[in-house]
Amino acid sequence: METIAKRLTLKFGFIQSSYWISQCAINSFAAVYLHAKHFENTQIGFILSFAAILSMLFQPLVASFADKSKKITLRYMMLTLMFMVLGLGLLLYLLPNSFLFITVIYILINAIEYTLNPLFNSLAMEYMNQGVPMNYGLGRGIGSIAFAVMSLALGFFVDTFGADVILPVFLLCYLFVIFSTCLFEEKLPAFSKEQKVLFGITEPSGKETEKESSSLLAFFVSHKAFMVMLLGIAMLFYSHILINTFLINIMENVGGGSSDMGLSLSIAATLELPTMALFILIVRKVKGSTLIKISALFFTVKSLLTMMAANVALVHVSMSLQLLSFALFTPASIYYVNDLIEKENRVKGQSMLGVANIGIAGTLANLTGGRLLDTYGVEKMLLVGTVVTAIGFILICFSVREPAKESEAVVKQDSCLDG
């Protein structure tokens, strides 16, 4: 089992690396690419916010289908979406550049990409809930390191060759996303009764029937505190997305450029690895609900420091707080939701995280951020972001409660470590 876990952790790291370097190109450098195509900040904000709106529609539908479907696997559904992204990317690269065409294709690519993100987490949790003690945090952290390297490299390439290099890089990276997802599969051995107890694998008794996945409305009604938490997450991520989308504008405001932007993204992503890789040890000492609240505090502090930054170096310092904000929140929220939500609705629960931190936050941040930037400038945009994120922190503190039982994924990893 330990060998299978190590292989799956490496394969998950390959998936995360491939996905996040592609995201670096198509999303983190979106403003750079679209500025080169003569889009204004407000228009860029509209494109990314509309992509987030579409993802809010796609994510619950795909998740609900995945929870209910017995014939079509989650991996097959994801690969179908990936080939759609690759096809759209090729169209964007090959066909003439028109304002409307770029707008529509860019929206669709990012909407599907946003939809895929939480599904990767569900894919990993499928194995972890079957008793495979893979290290989710390490796999996700490997993705952060890959993102860091790509941020540096792409910033250099853009300064050297221009923004037209971004799309070919994205297409090349996306081939690896598809390939890595195809590889993410392991046949689990048959377990004895003693091994099932050791690894925390439970099976329904003959008297029990497998519960059906809830409808979206029933899910919302039965998880009211979770809905408040999602609202808090959306507000928490408002400034996070503002900063990431318009980082080039923030850098230019303090005298920097594309290379500085790439370095800043690289610093943030590199510092994610230690927190994510060691998360399984951290969560054994500190409650998951407490870790989410700590990360929420540092999202707010990071936004405040970015707003106060007077030069490039201070922007880099503020981005270093990724170590205790995004890097801590990501695994903590994944484990928390896996434990909080019942088995038959877990894919839906993970997707709701994506709806909150990508869909709702992305929509509001990109739509209002572009307008605030064009109308009032960088400082006022960041001030609004900080206030919204501070309110999100308060909502998180009131809505996040420790589930009745310890995370299944943590228990199973502990069993393997102690055994």
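In case you wondered, yes, glycine gets a Cβ from its N, Cα and C as well.
Please treat TrEMBL annotations as automatic predictions, because they have not gone through curation.
Annotated features, as they stand in TrEMBL:
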{"type": "DOMAIN", "residues": "225-419", "note": "domain 'Major facilitator superfamily (MFS) profile'"}
{"type": "TRANSMEM", "residues": "12-36", "note": "transmembrane segment"}
{"type": "TRANSMEM", "residues": "42-62", "note": "transmembrane segment"}
{"type": "TRANSMEM", "residues": "74-93", "note": "transmembrane segment"}
{"type": "TRANSMEM", "residues": "99-116", "note": "transmembrane segment"}
{"type": "TRANSMEM", "residues": "137-159", "note": "transmembrane segment"}
{"type": "TRANSMEM", "residues": "165-184", "note": "transmembrane segment"}
{"type": "TRANSMEM", "residues": "216-241", "note": "transmembrane segment"}
{"type": "TRANSMEM", "residues": "261-282", "note": "transmembrane segment"}
{"type": "TRANSMEM", "residues": "294-314", "note": "transmembrane segment"}
{"type": "TRANSMEM", "residues": "320-338", "note": "transmembrane segment"}
{"type": "TRANSMEM", "residues": "350-369", "note": "transmembrane segment"}
{"type": "TRANSMEM", "residues": "381-400", "note": "transmembrane segment"}
Segment-segment contact (the transmembrane segment (294-314); the transmembrane segment (12-36)) at 3 or more Cβ pairs under 8 Å: no
Residues from the same chain, set at least six apart from the ends of the transmembrane segment (74-93), whose C-beta lies under 8 A from its own: 26, 62, 65-66, 101-102, 105-106, 108-109, 112-113, 115-116, 119-120, 122-123, 126, 167-168, 170-171, 174-175, 177-178, 181-182, 184-185, 347
Candidate ranges 42-62, 137-159, 165-184 - greatest C-beta contact count to the transmembrane segment (12-36) (under 8 angstroms): 137-159
Folded-back contacts onto the transmembrane segment (99-116), same chain, C-beta under 8 angstroms, at least six residues removed: 19, 22-23, 26-27, 30, 34, 37, 39, 43, 47-48, 50-52, 54-55, 58-59, 62, 78, 81-82, 84-85, 88-89, 91-92, 354, 358-359, 362
